[in-house]
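Here is the structure we will look at.
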Amino acid sequence: MTTVRREAFGRMPPEEGGGEVEKFILQSDSVRVEIVSFGCIITTLETKDRDGKFSDIVLGFDTLEGYTGQHPFFGTVVGRVANRIAKGKFSVDGKEYQLFINNGPNSLHGGAKGFDKVLWSAEVLPNGVRFFRLSPDGEEGYPGDLKVWVTYTLSGKELAINYQAQTSKTTPISLTNHSYFNLAGQGSRDVYDHEISIEADSYLPVDDTQIPTGEVASVQGTGFDLRQPVELGKHLQKFHLDGFDHNFCLHQGQDRRLVARVFHPPTGRTMEVHTTQPGIQFYTGNFLDASLKGKGGATYPKHSAFCLETQNWPDAVNKPQFPKALLHPGEEYNHTTWFVFSTA
């Protein structure tokens, strides 16, 4: 049985149009998740350790003000296009579009005011919540009126996020959730003792601005071979890696498949990621620097969390050899990602 409650979380500042931000609390026997209508943000995600004790395993803030200020996309839904688009440029039907540049020379996670920085309307479901918004033609430079639905449902140990969209003009789209996880509990110092595996035979090498070069490289014999579980801290040392911020290329197909697994031996917490998406961005919080005060006064230093962002491949709109990035009128964008929590 999943229970769903809604309550007030705060008001948007007047210069952002005011507006009530609501919080939705989804609870089963083994998982408790809180999601707010600003940015469809997962603000709290509590799961059990092997002794049955709940801890919050996502980074974030105690108040709305934390989320409306500058932060690295804690818990947010990002769009229209997750990840980076080279130089913020792309062409559709011979017309060039220029997006806002907000990450070195590139556009990242939808631009200056992406889906993570707006208020969504919400509808309570028996076991979850569905958010909706209309992204107007020209928003952040993207073409077409885009209707978007993001649905969170909780069933036992499984949290599902479904993304649907329809457009009036051909537009690139790639939606993901940008939660930062630490299975030891948010506020823990690092994730070096986590064991991770990713079901991917290849990954995308990037240039010095984090844009894929276009090569699809085999993980075989490299530090990117995570097909068998590795202990993260030791693995980074062994391969002299500063961390990961790379897209792993998943086995193609529209069906649900297991793509990543993380295990935290001290607590027994395990998280599996299943998805229909073609890629997963593994990011180890390389740019966290302990400057933000998070939940309960915690600070978040470098490598104190990881993200597993299921999505299309970065810059796919400019790389015809990458999976299809464009949504056409009359089509539906529809992807689901499942997070399954257990203990071992």
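Keep in mind that glycine also has a Cβ here, set from the backbone N, Cα and C atoms.
Look at TrEMBL and you will find HIS178 tagged as active site, proton donor. The annotation active site, proton acceptor is assigned in TrEMBL to GLU309. The beta-D-galactose binding site annotation in TrEMBL covers ASN83, ARG84, HIS178, SER179, TYR180, ASP245.
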When the Cα of HIS178 (active site, proton donor) is compared with the Cα of each of the recorded positions ASN83, ASP245, GLU309, which one is closest?
GLU309
Of all the recorded positions given, ASP245, GLU309, which residue's CB has the most CB neighbours within 10 A?
GLU309
Would you kindly give the Cα-Cα distance separating SER179 (beta-D-galactose binding site) and GLU309 (active site, proton acceptor), rounded to the nearest Å?
8
